[in-house]
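Step one of this worksheet: look at the structure below.
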Amino acid sequence: PHLPKASVLNLRLNMVDSQYYLPNDIGVSALDCGEAFRLLSPQEKMYAHYLSRAAWYGGLAVLLQTSPESANIFVLLQRIFRKQTPSQLAQVATAAGLSSEDYQAFLVYAAGLYANMGNYKSFGDTKFIPNLPKDKLEALVRASQAFQEQSAEMEALWDSCSCLLYSLEDRQKQLGLGDKGITTYFSGNCCLEDAELAQKFLDSKKLSAYNTRLFKRDDGGKACYEVRLASAVQKDCAVDGECESCCGSFSFEDKEFTVKRGDYAPLMEKVCHYLQQAQAYAANENQRKMLEEYRRSFTLGSVEAHKEGSRYWIKDKGPIVESYIGFIESYRDPFGSRGEFEGFVAVVNKAMSERFAKLVSSAEVLLPELPWPREFEKDTFLKPDFTSLDVLTFAGSGIPAGINIPNYDDIRQSEGFKNVSLGNVLAVAYATQKEKLTFLEEDDKDLFIKWKGPSFEVQVGLHELLGHGSGKLFVQDDKGKFNFDQSKVINPETGEPVSSWYRGSETWDSKFSTIASTYEECRAECVGLYLCLNKQVLSIFGHEGQDAEDVVYVNWLSMVRAGLLGLEFYTPESKSWRQAHMQARFVILRVLLEAGEGLVGLEEVTGKDGMPDARITLDRSKIHTVGKNAIHRFLCKLQVFKSTADVDGGRALYDGYSTVSDSGAYNFLRLRETVLLRKEVRKMFVQANTRVSGDSVELVEYEGTVAGLISSFTERFQDDAEQLEADLLELSKRDAPCWSGIRLKHM
């Protein structure tokens with residue numbers, strides 16, 4: 001049965017709106033780490049506890065890194081739920097005239113704000129608003145015990161954020177720079193040119209952008225820029241242990257730049273306090289020195305100190321309790337060079353880690369299999385730690401499945417890195433029911449469900465270790481010295497000697513800026529697809545014979561399906577992508593479609609419900625030939641442009657495949673609407689808390705529901721809730737004038 005055109009159109013309009021709500025039946029799972037935690041010694045438990053506290057307090061900076069209103073909404077919710085649990089508040093909601101659906105929508109919104117550390121999705125960067133009428137939410141806020149007890153303060157808090165809480169003006173629908181969206185990494189009057197100028201200034205001062213934000217003001221017709229470093233210290237002069245401060249005022253290209261300290265100061269102070277307490281329980285000298293440097297970094301706002309801490313962290317091989325903390329991933333800075341705060345604490349899963357250790361041991365045999373010439377690979381492979389971890393704490397805007405850090409190119413190239421796969425996240429994140437599995441042939445669904453987990457484990461391992469861990473950057477340092485022989489190294493794409501490279505303090509992120517993250521994710525994903533065809537790799541993960549072939553098939557099928565699903569994260573109005581990994585997967589889908597010969601099939605069909613649908617197929621007999629050759633050619637190009645700092649070539653290639661249009665063999669704009677119509681929302685995770693009781697540490701676990709997620713956050717910050725909330729509101733208020741045109745009322 002075909003629906004009349006008008007109702008299809010109507011449904012599409014509704015679907016587009018629904019991407020700005022979280023559905024009432026959203027999946028919520030508790031991250032299970034009970035067993036892993038129980039096996040820790042008392043000293044390890046204390047260490048994990050204090051590191052977790054540091055991570056959770058630092059993670060609150062993400063509220064201030066996301067949107068002008070996020071911190072105020074967080075405080076509003078904390079005040080409501082500190083006085084009444086979700087179940088106690090339910091009776092208040094009914095009395096205030098909310099239906100059970102309305103109240104569930106409120107709980108889902110609150111849980112979403114906590115899980116994403118702000119009111120924009122951490123995966124996809126779109127805003128989400130409460131799925132209940134504003135007057136109903138206001139009635140609930142006013143009827144709450146928190147409001148009854150402090151009506152003037154709660155009234156001011158509601159007024160400060162209620163407009164933005166619901167606003168879906170075009171600019172507010174997604175994160176972005178200038179008129180493309182909302183960002184708090186830059187003041188509201190900054191555009192791409194300002195970001196580029198600031199990057200040049202930072203490069204000239206050898207300052208990293210990772211822990212900074214940029215604020216621009218007009219001083220009598222002259223643009224003045226403030227670069228603000230995240231630090232507990234608010235003085236700009238040199239303090240204990242510093243020869244000189246990097247702060248001060250500088251003239252650069254006829255503009256005034258001031259470097260100041262003290263961004264997120266009260267939060268950084270808490271982070272340093274808890275890192276100091278964790279030091280007493282460190283297992284060895286590397287951990288102690290690492291924490292000492294992290295503290296110096298967050299005290300003074302020094303990325304150099306964080307790099308030093310990361311060096312000790314790499315040396316701390318195979319710890320029982322693993323952690324990392326700081327301004328790490330730059331996905332959400334629209335310019336691509338400022339890091340979002342994150343901190344994690346996790347416990348090693350020994351059985352799974354053995355497989356990864358075998359993969360590390362085989363790395364030197366596997367790296368030469370990659371499709372670029374020997375000179376384009378690092379001079380020596382620095383064997384990293386690769387462990388499977390069960391997450392105890394992951395504070396920030398979202399939880400990944402695998403991580404390869406540190407992100408500092410100079411350390412990765414010459415000193416090494418670590419890889420982790422987050423086992424208890426993998427266990428629940430990708431479990432799916434057959435009826436919710438979209439865009440596949442019926443015959444593929446059972447196979448997909450059976451092998452999705454195991455194949456993803458292989459892909460994550462290869463992506464992190466041999467994807468992010470491979471490839472050389474050609475560099476000429478400040479003294480003019482090259483790390484390659486420019487008279488001999490030939491560019492395989494041109495047949496000519498290499499003619500471009502990184503100079504001085506240029507890095508991959510600073511050079512490739514807005515496409516650096518997604519391009520690198522694409523390179524790592526391609527390495528995973530390419531090397532999973534290797535029988536030795538499959539047998540390391542315990543897959544032989546037909547099972548091994550099924551793992552390969554499902555891994556490749558999963559990638560092309562993910563490329564189609566990626567269209568959800570494309571914004572046609574601004575022709576921009578909002579999620580690095582999903583853009584990367586779409587690019588790979590395009591490359592494999594272009595390979596032709598019937599390798600990948602993609603067609604638009606009508607679903608059983610009469611609505612538009614799509615089918616994606618993969619010819620398994622052609623993966624090892626047509627598929628492998630296509631990835632071989634593409635991966636070599638990606639690496640060559642990256643190694644040689646060829647931004648123009650890299651951009652042209654990558655932007656070409658990233659284009660979403662309605663012309664050509666596939667109408668991707670129309671397919672995007674079908675994807676939105678049938679999208680499945682990402683799950684939210686509930687994490688445990690730790691609590692010191694006497695001289696031992698207890699693990700406090702919560703149920704995997706929205707109420708459990710909310711309770712975990714209210715109890716997480718109960719020791720100093722009032723002071724913390726006052727600090728957050730003060731930080732939010734201090735910056736409010738910088739978001740010109742975005743109405744956040746002063747409280």
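Positions of Cβ are set from backbone N, Cα and C atoms, glycine also.
So that you can see what the record holds, here are the features copied from TrEMBL:
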- H463, H468, E521: Zn(2+) binding site (BINDING)
- E464: active site (ACT_SITE)
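Here the Cα atom of the residue listed as 'active site' is found 10 Å from that of E521 (Zn(2+) binding site). The Zn(2+) site is set by H463, H468, E521; from the centre of their CB atoms, other residues of the chain with a CB within 8 Å are N404, E464, G467, E520, R523, A524, E525, V527, G528. Around H468 (Zn(2+) binding site), a 10 Å sphere centred on its CB holds 22 further CB atoms from the protein chains shown.
Its Cβ placed at the centre, H463 (Zn(2+) binding site) has 28 other Cβ atoms within 10 Å.
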